[in-house]
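**Student:** Please read through the structure below; I'll follow up with questions.
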Amino acid sequence: MNTGAGTPAEAPSAGHGHGHGRSAAPASRQAKRLLAALLIPFALAVVAGAALLYPYGENPRGGTDLGFGQHPVNATVQSATASSCTQDPSGSGCATLGVLMQDGPRPDTQIELLVPTSDPGIPRFAVGDDIVLSYAGSDPAEPSSYEVVDYQRGAPLLVLGLVFAAAVVVLGRMQGVRALTALGISFLVLVGFVLPAILAGQAPLLVAVVGAGLIMFAALYLTHGFSARTSTAVLGTLLSLALIGALSALFAATAKLTGLDEEASGLLGALGPGIDTRGLLLAGIVIGALGVLDDVTVTQTSAVWELRSANPALSWRQLYRAGLRIGRDHVASAVNTLVLAYAGAALPLLLAYSLSGSGFQQVITTQAVAQEVVRTLVGSIGLVAAVPITTAIAAAVAVREPATPQPAQPSVADRIGEAAAGSAGTAILRRS
């Protein structure tokens with residue numbers, strides 16, 4: 001009897017009989033149990049880590065506590081006249097701005113501030129500009145307590161954000177809405193947990209690992225739902241992220257990277273010598289790689305499931321090979337994207353080193369450039385490894401899942417594409 005019960009394992013091509021459904025379901029339950037056994041302990045560890053690392057009752061040090069003097073005050077430029085930076089009235093190089101404060105300690109009060117204009121890197125403020133002042137916290141009636149620091153950019157950024165959200169919703173429909181919600185949760189984790197915990201003195205790398213775990217579980221399950229497919233992507237992301245963390249720690253130590261770039265040096269002076277700057281570097285690598293890993297693992301998992309849905313007769317090996325062929329194309333473009341993203345962010349630094357006349361070997365081994373090289377290469381290795389890791393797991397789980405393809409409802413973007421294709425086809429027929 002046992003032999004007869006096992007025979008229908010070759011029945012995918014025989015039709016949709018009851019034997020296929022009975023043989024697939026137990027295996028599917030086993031795969032789901034295995035995924036749960038692997039992921040639930042890590043999820044519990046992430047939640048416990050967040051509970052232990054969160055700075056309860058502590059007031060994170062703000063800008064003034066760190067010596068940065070950051071009390072922002074919104075204001076509007078009412079007048080702007082050229083003036084001298086010194087007592088000599090015939091001199092130049094500065095502008096006197098009459099600004100009307102919109103908030104802060106003295107709202108609706110106008111003061112005059114002297115702003116240098118000779119430096120090409122300093123913004124040129126004009127009448128009507130909405131600007132941000134820095135208030136040092138001393139006498140609010142004294143103009144010297146204020147300093148012009150930047151423009152107000154809230155309105156254009158809000159418009160850009162709304163355009164982005166609309167594009168995501170139009171293309172993704174409800175899944176796009178869930179993706180935006182997951183993005184908001186990711187932002188809350190960074191602002192509400194990662195930053196306060198690091199400022200409270202917790203180990204940056206440990207905080208980043210816990211924060212990345214929170215973001216990973218929330219983003220993937222909220223966006224794609226609770227299923228074996230999503231759990232496969234989560235497991236692939238987790239393993240690849242662990243590899244990135246291990247490699248970054250190894251090569252940061254062997255390359256003697258301290259993480260002391262210009263920004264970290266200023267932060268070290270404010271927070272004191274207790275801050276782990278190398279940990280900050282590793283934390284940035286882990287969090288920065290997470291977003292690209294999500295893309296690769298979800299795409300690979302979906303590709304394997306679609307292959308399984310299109311041809312339920314495919315074996316694990318066939319699913320793995322087909323998924324790997326798709327992954328090679330994806331990872332090639334993803335690695336290029338990652339390298340160019342880091343190169344673009346470091347472009348001013350690269351230009352500065354190019355002007356210094358230093359050789360390539362001297363430039364690439366400097367602290368600032370070497371840490372970007374490690375960041376890029378470690379992230380790229382993690383991306384490359386994510387493809388076979390996730391594809392193997394997805395093939396092992398998908399081959400045990402009953403193939404039940406469900407037609408998707410077309411989105412607005414799908415309808416636009418179909419309408420355009422139909423119009424083009426009609427035009428071709430008319431010409432012929």
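The backbone N, Cα and C atoms fix where each Cβ goes, glycine too.
According to TrEMBL, the feature region 'Disordered' maps to 1-26. If you look up TrEMBL, you'll see 34-56, 154-172, 179-199, 205-222, 234-255, 275-293, 331-353, 373-399 marked as transmembrane segment.
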**Student:** Out of 154-172, 179-199, 234-255, 331-353, which stretch touches the transmembrane segment (205-222) the most, going by CB pairs under 8 Å?
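**Tutor:** Comparing 154-172, 179-199, 234-255, 331-353 against the transmembrane segment (205-222), the winner is 179-199.
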**Student:** Among 154-172, 179-199, 373-399, point out the range having the most Cβ pairs under 8 angstroms from the transmembrane segment (234-255).
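**Tutor:** Result: 373-399.
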**Student:** Take the transmembrane segment (331-353) and find every residue of the same chain, 6 or more past its ends, with a Cβ under 8 Å from one of its Cβ atoms.
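**Tutor:** For the transmembrane segment (331-353), the far contacts come to 292, 295-296, 363, 366, 368-369, 372, 375-376, 379-380, 383-384, 386-387.
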